[in-house]
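Record features, source Swiss-Prot:
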BINDING   Gln62, Arg63, Asp84, Trp133, Glu134, Trp135, His136, Glu153, Val154, Asn182, Tyr242  NAD(+) binding site
BINDING   Tyr211, Arg230, Tyr242, Pro243, Thr244, His245, Tyr324  substrate binding site
SIGNAL    1-31  signal peptide
Amino acid sequence: MKLNRRHFLKTAGLSAAGILTSQLPLSSAEAVPKKPAAGPSVMGLVVPKMDTVRVGFIGVGQRGSGHVKHFCHLDGVEIKAICDTDPQVLDESIQFVTTQGLPKPAQYTGSEQAYKDLLNRDDIDIVIISTPWEWHAPMAINTMESGKHAFVEVPLALTVDECWQIVDTAERTQKNCMMMENVNYGRDELMVLNMVRQGLFGELLHGEAAYIHELRWQMKEIDSKTGSWRTYWHTKRNGNLYPTHGLGPVSQYMNINRGDRFDYLTSMSSPALGRGLYAKREFPADHERNQLDYINGDINTSLIKTVKGRTIMVQHDTTTPRPYSRHNLIQGTNGVFAGFPNRIAIEQAGSDSYHKWDMDMAKWYAKYDHPLWLQMGQEAERNGGHGGMDFLMLWRMVYCLRNSEPLDQDVYDGTAWSVVNILSQESVNNRSNSVNFPDFTRGAWKTGKPLGIIGT
């Protein structure tokens, strides 16, 4: 979705839809709701079976266009409408659909409010939202209020108040609102989930998650693409801007919101140096990139304590020159798995082999590959999308809707994982003092069923 600097400055703190609040996060005490739930809990929500899932897309830029392509290769779906403020990317997605021999979708453009016309249609069941971050919450809320299920790119929300608005709307409308955390559908993450459920690591103690991905080059995207708006978040906040890719899988390993929940967080950031240095090196002195005050620390490290006493380290770094990593570490009383590169150490009777990493993963894949990957992995890899995880996520969403099954990720997961952005900023700004997590489940986490090892 083409949105430039002018748009960012106008909408980052206020929503054109009138429901976004200030970027400044509420304190955790203020975030506790003083009103009853808006409706029944949507944990484990099951909606009527859909023989055909009718889809609308809002935002088909770099991310959303990939979703359109994947949906063209899914059975049991119809692409009804596509919306984007950029006519060029809109036309490209429309043309891709028709070149696959599928009916031409309706198209909506012309203003930032054009998506509401798409939502007014009565022939759409779900809406895929892939827009700049500040639009995620209002569009998700508007989608559910229009009687449709919302599937939203990460992060789900940018303030505590937005998180509560989304939860309240999901409960009031009894609609799904899933933040599409694709990494949970990676082969390695699914395998580790299977290992955890089979008790390989014993009782879980600690996890480590991260989004370490050098993205300074996006600063050269001035008028369009992700860098044209994402760069400015480094001038607005100092915390973990993007926590969910690493945190989502670790949360599912630990049954967060399904028997345990995040209790409190403490966070600290390194100096913010890298983006300013990059701007000086890559742009003229009078360029707009050299007029910005980059305040987000190059590396942010947060520690989360769960109600059961377990710990999770979460890191964010999209600035320093280093290899990509999400850490993906889970430690239990009987052993540990760590990713990037994959390695494992398990205590075995009469052996101290756990003192050395086992990096030969072939035998572990053979024994613990997730049933879903065994059944769908080849098709997922063939269709692509971050090694197949994107396709598998979308396939699984459609499968659940067509078979009247609960989604693997619900609105409580999306808000709990996303709120780390806000709480980390609050902690950093308060000398790393701890900040309490809101309980978006309103106590339902105590009886939530753990995510099982599922197949097709």
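The backbone N, Cα and C atoms fix where each Cβ goes, and this holds for glycine too.
Structural mapping of features recorded in Swiss-Prot.
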residue: Gln62; record: NAD(+) binding site; DSSP class: coil
residue: Asp84; record: NAD(+) binding site; DSSP class: coil
residue: Glu134; record: NAD(+) binding site; DSSP class: helix
residue: Val154; record: NAD(+) binding site; DSSP class: coil
residue: Tyr211; record: substrate binding site; DSSP class: strand
residue: Tyr242; record: NAD(+) binding site; DSSP class: coil
residue: Tyr324; record: substrate binding site; DSSP class: coil
_For a quick check of understanding: among the binding-site residues Tyr211, Tyr242, Tyr324, which residue's Cβ has the most other Cβ atoms within 10 Å?_
Tyr211
*Which ones in the same chain are close to Pro243 (substrate binding site), with CB under 8 Å and 6+ residues apart in sequence?*
Pro155, Ala209, Tyr211, Ser302, Val314, His316, Trp417, Ser418, Val420, Asn421, Ser424
*asked:* For a quick check of understanding: among the binding-site residues His136, Arg230, His245, which residue's Cβ has the most other Cβ atoms within 10 Å?
replied: His136
*Taking only the Cα atoms, work out how far Val154 (NAD(+) binding site) lies from Thr244 (substrate binding site), in Å, as a whole number.*
7
*Alpha-carbon spacing, His136 (NAD(+) binding site) to Arg230 (substrate binding site), which is rounded to whole Å*: 14
_Counting other Cβ atoms within 10 Å of each residue's Cβ, which of the binding-site residues Asp84, Glu134 comes out lowest?_
Glu134
*Listed binding-site residues Gln62, Asp84, Glu134, filtered to Cα within 10 Å of His245 (substrate binding site)*: none
*In Å, rounded, how far does the Cα of Thr244 (substrate binding site) sit from the Cα of Gln62 (NAD(+) binding site)?*
19
